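Down below is the structure, laid out as structure tokens.
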Amino acid sequence: MSELTEAEKRRLLRERRQKKFSNGGASSRLNKITGQASSHLNAESPLDAPSAAKTTPPASVHSATPDIKEDSNVAPQLDLLKQLAAMQGQGTGKSTPQDSSTPDLLSLLSSMNTGMPSAEGTPSFGQAAPAAPINQAALDYHDYLLNRLKAWTILVKWVFFLLPYLYLITRPNSSVWPAYAFTQSAWFAPLRNPSNFTRIFATFEFLSISIYYQLLKNVEHKSKIKNLQDTNKLVKLVSLVPEGVIPVANLKGKLITLLQYWDLLSMLITDISFVLIVLGLLTYL
């Protein structure tokens with residue numbers, strides 16, 4: 001019989017020692033070493049207890065709580081779906097209750113145009129807050145007052161001043177004028193002189209346009225509607241452009257001023273055209 005190697009000897013010794021400990025020898029050996037043979041303390045060796053298999057539950061792959069990042073992405077999508085559903089329900093004629101937290105599309109566009117309000121309640125972009133929509137009946141009434149003012153202005157200027165004055169300078173010796181005593185007075189003589197026509201016509205136009213402008217302001221005050229800000233389509237179109245897109249400061253205000261000057265200038269051009277036509281007719285008739 002061959003001799004055992006050192007490794008085999010150590011293995012057999014370890015197996016015998018393990019078998020001895022498993023039969024209860026570990027506790028008695030521990031008591032001898034520590035001197036607690038007659039002690040009431042628990043001196044049972046852990047080696048004497050049967051080894052219980054410890055099972056650990058597998059770690060869950062996914063956490064029970066939802067991901068915060070995922071919730072932040074889902075919330076706007078849900079709001080957008082609610083808004084689209086509400087708009088679709090309105091388009092098909094069905095009354096769909098809309099969540100109070102869902103923003104209105106028109107209000108969102110309006111807030112983008114005017115800017116978010118600051119602490120003082122004014123828009124951050126420097127634009128005025130959007131006014132309430134004007135009733136169509138009020139617009140019709142304003143147009144009626146404006147057209148009536150223009151009609152009366154043209155009638156008074158043409159019939160009661162321009163037409164008689166043009167007839168006077170083209171026919172100063174007509175048999176119509178001696179019938180009126182005021183035509184023979186000294187202050188009436190400059191009116192009969194054709195060389196004073198340009199100065200007299202310019203003075204009359206300045207006075208008539210000034211009076212018309214004041215009456216126009218009275219119409220706006222009476223109807224509570226501004227003639228250009230609330231009725232002109234070009235001004236409304238420019239007001240939709242956000243501040244800073246076009247490199248012109250106060251573009252809406254400058255456009256309104258330009259349109260006001262054009263309105264007054266168009267009246268002057270109309271009167272000049274009327275004068276030229278009447279002078280041509282009176283000259284060749």
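Each residue, glycine too, has its Cβ placed from N, Cα and C.
Under the topological domain names given by Swiss-Prot, L12 lies on the same membrane side as V238. N196 (N-linked glycosylation site): 14 other CB atoms within 10 A of its CB, across all protein chains.
In the three-state DSSP classification, N196 (N-linked glycosylation site) falls within a helix. Across all of the topological domain 'Lumenal' (170-196), the predicted model scores a mean pLDDT of 71.
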